[in-house]
Amino acid sequence: MSLDTTDSYVTEDGRTIGGVVMEMKNITLRFGGVVAIKDISFDIREGEIRAIIGPNGAGKSSMLNVISGFYHPQEGEVWFHGRKRPSMKPYQVAAQGIARTFQNIALFDGMSVLDNIMTGRLTMMKSNMLQQAIWFGRAEREENQHREQVEKVIDFLEIQAIRKTPVGRLPYGLKKRVELARALAAEPKLLLLDEPMAGMNVEEKEDMSRFILDVNDEFGTTIALIEHDMGVVMDLSDRVVVMDYGKKIGDGTPDEVRNNQDVIDAYLGVAHD
Amino acid sequence: MIYREAGDFKTSYRKDSQTFPLKFDRVAYFVLLAVAFLVIPFIINDYWANAVLVPFLIYAIAALGLNILTGYAGQVSLGTGGFMAVGAYSCYKLMTGIDIFGVEFPPLNIFLSVIVSGGITAVVGVLFGLPSLRIKGFYLAVATLAAQFFLVWLFNKWGWAYNHSASGQINAPERSVFGIIVTGPETAAWAKYLFCLVFVFFVAWIARNLTRGAAGRKWMAIRDMDIAAEIIGVNPLLAKLSAFAVSSFFVGIAGALFFSVYLGAVEVGEAFGIQKSFLVLFMVIIGGLGSIFGSFAGAAFMVLLPVLLKNVLVGALGWPTDLAAHLELVIVGGLIIAFLVVEPHGIAQLWRLAKEKLRLWPFPH
Ligand SMILES: Nc1ncnc2c1ncn2[C@@H]1O[C@H](COP(=O)(O)OP(=O)(O)OP(=O)(O)O)[C@@H](O)[C@H]1O
Ligand SMILES: [Mg+2]
C-alpha cells in the first residue's frame, strides 16, 4: 500500500488534509483477562487533528501506547507511511518522528526546563561519546545548533522566562506546556497528546488550544489527541474516534459523531446529564 | 554584592552552556588551577601528600565515577571497591608485564598502564551493569554488592592476578614518567601529587563535558523517569551501559592510582573491601548527587574529616585514638542521614544556596 493522497482535501479554514499516514488495523490489546482494546481500526490523515474520545477506562491511553510502541497488541497491525510496522521499541518509534505527551505529566524533575526540552532532540544528536568527551568541535557545534531550534520552540510556547527553572518547581499548567515543548522539539511528523488540557482552568485551556492549532497550522504537524472536554474536541478536531469499553462506537467529523445515537448513549449522554 | 550575575549577559548559546557562565567563577577556577599546578608542587611535603592531597585527588576521581553512575544515571552501585580492585590489579599486571597463553607483553609505561586499567575496568563494569537492564534500585544495589564480593574473592584466589606472590599481595615496582619517578618507595611527594593531579584534571574535564551534553541528558532522563526517557527516544540499554562504562573507567583509574602511586602495596580485601564502596558512596551523597563539584567536595570532606578529628581530638585534646575514630563514624553516620533527609544534593547544593545569599549581600533581599 502506498501513501494515499488521491482524496486529499482542503478544510473550511484552508488547511490541506493529505492521505493516510497512520492506520491501525484490527487492534486488540489484552492485559490478562482485561480487554483494553477490542478489534479497533481507524486511520490518521496527514495534517489533520484527530481526536480520540470516550469515557474513563475506554482504552484511549492504551491506544496511544500502542502507537508509541509501549504496548504491543496481541492482534492487529500498525501501518505507518504505507508500510506495516514491525514490532518496535518505544525509542525506535520516537526515531520515526512520533512524539507524545502523557496523561500524567512525565517530565524529568531533576533537570531544568531547557534541559528537558533539549532531551526532545536526543534522537537527532549524532556526535559519539568520544566527541562529546572532548566537546570542542562536533559536539559543541551540534549542541548549539539544537539549542537554537529549542529556543524557537521556547519562543513559540512563550516560556522564555522559565528556561533555567528546575521543572519540579513549576505549577501544573506550565509543566503541561513544557511537556508539549519537549515533544515539539523533536519536530515530530505525528504528535500524540494524551489529555493536554486535563486539570487546566479555562484560560489555560484557551492557551493550549491555540498552541495546538498553531502547531498544526504552522508546521503541518499531524496530531492525535485525547480529550474529555467536548467543547475543545468539537472546536479543534477534524475527525473524532469514539471508544467505549475498548470498542470503537463512532468515527467521523465532530458533527457526525455528535449526532450518532450510540455515541450519545454511551458518552455524550453521560457527560451532559 | 561581591558575587554577581547582573551585567553578565550571554550573547551566544556557546557562552550560555560553558562550564562557568560567570566571570567571577571563571577567574576563581583559573586561579585554583594555577595554584594546584604551579604553587602546591613546590610547597608540598610528605605529610600533606600522603595524608591529604593524594588520597583526596584519587578519591575525587572515584567519586566522579560513582557520581556519573548513581548521581547522573540513577543506578545505585555498591561495587566501587571491587571495580577499584579491577583497576589496581590491571595496572599491576600491565606495569609488570603480562604473559597470556605464552604471548609476552612487556611492561607498559605507567601512564598508559593507568589509562588501560581504566579501559579494562570499563569492560568489567559493563558486564556487571547488564543486570541493570532488568532490575532497579535496591535489587541492583544487591547485585553490585555481589560483584563487590565476587571481585575481592577473585583477586584473593587467582594467583595469576598477583603473579603468584607468596604473600598474595601486589607491590608496585618503581616506574617513571619523563625520567621522574612516580611509583615505588623512592617517589617524591610532589611527583605523586602532580601525577594524580593530571588524571584528576582530565577526568573532571571529561565528566563535565559528558554531563552537559547529549550523554548526560540521556543519563538524567533515565534517572528521572525511565519510561518517558524511552518514549522520547533514549535507548535504555545504551544509556545505562554507557554510564556503567564511563563510571567504571574513572573508578578503574582511581583504583590503579590508589595502588600504584598511593599505597604501593595492596592486599585486596583490605584496600578494596566493601568499606571502600561505602566510603565513595558517602562522598557522593555528602558532596552532592549529580554534581561534579559535589564529587570534589565530598572527597575533600571525607578525607579531611579524620585528619581534622585526629589533630584536634587526639593531638590537641589528648583523646585516645580509638575514641576519636569512633566519633568519626558517628559524625559521618549522622551526616549521611541528615543529608539524605534534608539536602539530598549535598554540599554542592549548600554551596549554591550560599552563593545565592552572597549575590544579595549586604542587602537582606
Ligand atoms: N498496564 C496495564 N495493565 C493492566 N491493565 C491496564 C494497563 N493499562 C491499561 N489497563 C486497563 O485498560 C483499560 C483501558 O485503560 P486506559 O488507560 O487506556 O483508559 P483511558 O481511556 O485512557 O481512560 P482515562 O480517560 O481514565 O484516561 C482500563 O481498564 C485499564 O485498567
Ligand atoms: Mg487515559
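First residue shown is number 1, and so on along the chain.
In case you wondered, yes, glycine gets a Cβ from its N, Cα and C as well.
The annotation transmembrane segment is assigned in TrEMBL to B:27-44 (among others).
The annotation transmembrane segment is assigned in TrEMBL to B:50-69 (among others).
The transmembrane segment feature in TrEMBL is assigned to B:76-95 (among others).
If you look at the transmembrane segment (B:107-130), the same-chain residues 6 or more away from its ends with a CB under 8 A from one of its CBs are 75, 79, 83, 86-88, 90-91, 94-97, 143-144, 147, 151, 175-177, 182-183, 199, 240-241, 243-253, 255-257, 260. For B:107-130 (among others), the entry in TrEMBL reads transmembrane segment.
What TrEMBL lists as transmembrane segment is B:137-155 (among others).
Taken from TrEMBL, the feature transmembrane segment covers B:190-207 (among others).
If you look at the transmembrane segment (B:244-266), the same-chain residues 6 or more away from its ends with a CB under 8 A from one of its CBs are 50, 54-55, 57-59, 61-62, 64-66, 68-69, 73, 75, 77, 80, 83-92, 95, 110, 113-115, 117-126, 128-129, 132, 169-172, 175, 182-185, 187, 192, 195-196, 199, 203, 206-207, 210, 215, 272, 280. Marked as transmembrane segment by TrEMBL: B:244-266 (among others).
The feature transmembrane segment is assigned by TrEMBL to B:278-303 (among others). Sequence-distant contacts of the transmembrane segment (B:278-303) (same chain, six or more residues past either end, CB-CB distance under 8 Å): 52, 55-56, 59-60, 62-64, 66-67, 70-72, 77-78, 80-81, 204, 207-208, 211, 220, 223, 251, 332, 335-336, 339-340, 344-349, 351.
As annotated by TrEMBL, transmembrane segment applies to B:323-342 (among others).
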Winner by Cβ pairs under 8 Å against the transmembrane segment (B:76-95), considering only B:27-44, B:50-69, B:137-155: B:137-155
